[in-house]
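Presented below is the structure to which this report refers.
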Amino acid sequence: MRGRTALVTGSTSGIGLGIARSLAAAGARVAVTGLGDSGEIEAAVSAVRDAGAPEARYFPADLRDPAAITALVGVVRAWGSIDVLVNNAGMQHAAPLERMPPGKWDDILALNLSAAFHTMRLVLPGMAERGFGRVINVASVHGLVASVDKAPYVASKFGLVGLSKVAALEYASAGSRESGGVTVNCICPGWVETPLIEPQIEARRDGGSRDDGVRALLSEKQPSLRMTLPEEIGALATWLCRREAHNLTGASLPVDGGWTAQ
Ligand code: NAD
């Protein structure tokens, strides 16, 4: 990854931070972006620097806003050509369809799906010109199967899986084996230990401990009964960036302890 620049959305926390640290350890320059208070942002940038990207920098943007995405891509591109784009920023809200606030639908679709359309339309042409590019979209098992109470989340993640396949096809012939080509893939995690799933752990504690909540959550759907760690998703994302992965495109890779094998 030496000499490559990566833009990782949602890298101030959770899976995005795990991916940013893994890419940094492999030698990439990393553009960190996401929301959070100044302490959280500083801690994320230092963690990415410590992992091996001393030049790592924070670029602010609320990715629900297409104009903010255009501005973000512009400033990051002025810093380094974007060779790796990780669309990871995402949000969740659980409620039955009839009680889902319409504003949550709009926000979740804007962030989890439309933001990836905008970053990809801006970044993919440059990748094709250079003959190398990697787009990694962090979807979810909920891009492959549904669960109750997650209408906008599931709709956005199924959309992201479909969008990624279209982009993979449109750029499949860019570059060469030697240059590494341009690939677009989704990673589809089951439960990963991050702040995003804390409300769902809390909802299953039933008066017990956090561990009881975790056990209840995993036993519903994830047969391994183990959560994935953000750095484990980071290791897969980093492998997808290797030149040898030039022919792995348009895929949706589950990391779900067997959830979608059932
Ligand atoms: P997280 O809450 O720890 O991190 C989310 C990141 O997105 C943060 O950096 C946050 O600042 C950023 N973000 C939120 N709203 C934003 C906005 N409007 N503009 C810009 N950035 C914004 O969550 P996570 O669990 O690390 O989730 C990362 C991705 O992984 C999401 O797309 C999520 O759907 C997906 N995912 C998570 C799990 C899981 O179990 N944790 C499972 C499957 C998929």
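Any Cβ shown, glycine's included, is placed from N, Cα and C.
What TrEMBL records for 4-142 is domain 'Ketoreductase'.
For the domain 'Ketoreductase' (4-142), the DSSP counts in helix, strand and coil order read 74 helix, 23 strand, 42 coil. If you take every residue in the domain 'Ketoreductase' (4-142) and average the pLDDT, you get 98.
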